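Per TrEMBL, the features are as follows:
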type	residues	note
DOMAIN	235-448	domain 'SWEET-like'
TRANSMEM	243-262	transmembrane segment
TRANSMEM	274-297	transmembrane segment
TRANSMEM	309-331	transmembrane segment
TRANSMEM	352-371	transmembrane segment
TRANSMEM	408-425	transmembrane segment
Amino acid sequence: LAAALRPLRERVASAGAASSSGSWGDEHAFFKRDENEISPYSWNITGTYKGSWNFAGSTNGSSRFLEFTKLKGDAVLELLSTPTKISGVHYVQGSVTFHDVLDNAHDRGVAQIRLEGVYIWPFRQLRMVANSGADGEPLQEEDYFLSNPYHLLRIFSSQVFQETSEEKNRRKNSLTYDMEKHCSVEIAAKVVRVSSNLNEGEHEKYRLEGLMESTAVDDDGECFSPILLNATSLNVEVYYNKAVNYTLMVTFISFLQVLLLIRQMEHSNTQSGAAKVSILMIGQQAIMDAYLCLLHLTAGILVESLFNAFATAAFFKFVVFSIFEMRYLLAIWKASRPLNSGEGWEVMRRELSVLYSRFYGILLGGILLMYELHNFLRPLLFLMYSFWVPQIVTNVIRDTRKPLHPQYILGMTITRLAIPLYIFGCPSNFMRIEPDKTWCIAVTIFMGI
């Protein structure tokens, strides 16, 4: 590692006087080229790198940022490489995120530093410094980070499902915001290509090994001890495949729900049969499908490369919600209020408008409620999945038996549980949400009862 991180001027001097008079494109002659390379400048180091960090010297810690007290931890680098007019030189932007920077093992801290620099292919060298932009100024190539599924899913899983308000305040007060103001951060790293497995397809895998140093801006010592970074690029295709498989599951489930709804509508095709069905039960399921439609459509818009998959899932949820469930909702409403001979179309239209306004009012109000109470998402989902309760209450009040087809009851219970059990029960879900077996068991038993 020490030889790989020697200053570039030493590398040029050792290469010979002839090389110093040439361009960067001439330097690749001093390195053994890979036989499978199409072009000496075909490497694209854009991507997400995940690995570890640890202090390099005997003195560990930080003289200015007391939070940086752990000896080692996890690190994530997100890099965006852009070719320049100079052959073999790429302009690189990105960020490095340090995890486990706090001393308390139960209070994991996060620190992030924005970076920019150059990657010189002939030397396999990456040189980066802290981004000198104003506070809060976005990166020039922010579109990559907005479309990077790993970056988006990390934000989604940490802020929506795991991160509380206290954790947000702690993160704001951590190393992130003061580092770039008071420290001069420099990273010198070597990037090498790792032989990919056959299972990874055509994805190129890179390994980054480097040294991160930081001195105080006012020449008052160092901000923290030198840190060794060791990270390997992630195969983002894995996240794409998991997301596509998830959308296929949602599409298949939606198709099954359409068949179950048709079976139930045939079971209660008479006016007396439809009047036994709870309108609140169907309305609650329609609202759930409307939310799922909006969520999948939003995810497809954010991650452009997954738009087709998520848009397909959103379309099927839209069909279930807008065509079948709303039609069944209207049939139940008509059966619950037989028309009198004296009523006209105006009265019926007015009552129908009240029905639709209540439905969409609850739909929009639920969105605002979940936004304000996103830290209590699991209790809210538990409440939403109690859609069988209104039908039970209706059966008791009206003294009715078997208003629903047995296949509809069993099928809807299983298909409705598929998505939450995947999100909160699958240990390798693509949303990177830690499993919660207690909640999954609780909601399964509750719906089964």
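Glycine is treated like the rest: Cβ placed from N, Cα and C.
Quick caveat, the model's predicted, so the values are computed rather than measured.
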Report yes or no: does the transmembrane segment (408-425) come within contact of the transmembrane segment (309-331), defined as 3 or more CB pairs under 8 Å with a sequence separation of 6 or more? no
Under 8 Å Cβ-Cβ from the transmembrane segment (352-371), and at least six residues away from its ends along the same chain, one finds 283, 286-287, 290-291, 294, 329-330, 333, 377, 380
Within the domain 'SWEET-like' (235-448) only, compute the mean pLDDT. 88
